[in-house]
Every structure is written in structure tokens, then in C-alpha cells.
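A.B. asks: Structure incoming, see below.
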């Protein structure tokens, strides 16, 4: 009902017609001419004009009020529309601005780092290490040829196991990217230690984990500042990552005991299959012999009775 009244108020013509229908009987009774009035006054045309004109003063306040409500409603609707459009525009502008500011905030490029750390590792070039068995000894420290104070911002050293280019071919999840946040070269952490300028050289021993995939690797160390941002690096290979590379052979999950057990179960299954067929044939033959013997006995008994 409220929705119907609101639609009538918002439509000026509908409101006018409604007021005419409501006030017409009252005005008609007031303005109805007496029988003694001239015939021209009693004519339908004159009466219609009379109560229509007479009803205008009563309709004007309602029309004005309805028009005011209609304007207020349209203004509020238009205002809400403009506010919604402004909110969407502000949100879109914020998203665009954040997209432009995001690459510029907190981004560290590998090409911007200086190679100030000297890193060495125990594996020799071409050596194959087994996951979960072999160990790697890593030594890192500041390059002594650099000027004093180069490591003033170093707070933490993180050593990582990195994929060589030969193990990155056709593997997007190992792709090298200049942006270190998107770089997938070094995914395996070896050790992380605080950096001490007084004792810049450190060493750590690490056992190759079982979940390290089979690939060719090298070792790289990053120096971090107080804000956990990379400020320098060092690695066991050259700039093109072609020297001092070693391989890791992941565990296959196979052991000699498992191989022996699998062979034994395979032989047992084959022997069981042949034994099953032999037993079935033997049962079939025994049933055949018993049937023949029963028929022979029945025939002999029949002959003896006849004799």
C-alpha cells in the first residue's frame, strides 16, 4: 500500500486525478443548483466547470505537497546516485594508484646488489650428492679486498641452495627474475645467522634434505639489513652460473629390502596361481573317477539282481 501511495505522489497527474475523485462528491453537493435555477445553470457543462474550478483551491495544497515530495525523492535518488558514482570513482582511482605505487615500494632488484660476500662450499664441480645422506659445508664472509665499512648495514646472512640454469629450462616454477620477491632461483634455505663485523667469516654444515629435488645446484648467500631487505650477495659460481656446479640425487624410495620383498611376493603369487590351477584339475579328475566308479557299481548291482 505504501509503495502505491508513493507512486501516486511522485506522479503529478495521478495525484490530481485522485484529488478530483475524492473531493468531487462534496463539491458537487455544495455546488448543485436548485431546481428553480435557470436551465443554463443546471446544464451538465456548467456544473462540470463549476465544481472543477471550485475544487482547484482545495487541490492546490495537495498538488504542491506532492510536487515537493517528488522533488525531494528525485533529489535524494540523484544524490545517492552521484555519491555511488563518486565512491566507485574513488575506489578505482585508489586501485590504479596502488598498482603504480606497488612496484616502487619495497622492491629489491638482484641487479642492484653488489657482490661483496665470498662464499665457498665443500662439494666439488660435478659431484653428486644424495638426499638425506651427504652433507655440505658452507663458508662465507666479507670480501677482504673491499673498503672498511662496506658491511656497516649488514645484520643477517642467509645461505640458500639455488638452481643452476640447466635445471631451470622448461620449469617456470624455478624461473630467475630480477625482482627478488618474484625470483624462484633459490628456494631451499640452508642456514640463517646474524652478521658480526668483528667476525665476518662463518661456517655451517648442512645435511641435504630428503625433499630436495634432483637437479644441478650452486650456493648463494644474501646479506640483509635491519629492515630485512637484501643489500648484498655472494655465491659459489661465477656471474653466468656455469662453474662450480654440483648435483643432488633425491631419494627414490627404493631399498634393497623392498626390492627383495617385492621379488618374493611376485614369485609367491605366480606359484599360488599354478597351485590353484593344479588343485582345480585334480578335483575335477577325482570327481570324474568317482562318477565312473559309482556307475560301474550301480551296473554290477543291477546285473546281480537280474541273475
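From the backbone N, Cα and C atoms, a Cβ is placed for every residue, glycine too.
TrEMBL labels come from automatic prediction, so no person has curated them.
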A.B. asks: Ranges 22-45, 46-69: which does TrEMBL label transmembrane segment?
C.D. replies: 46-69
A.B. asks: According to TrEMBL, which listed range is transmembrane segment: 256-278, 279-301?
C.D. replies: 256-278
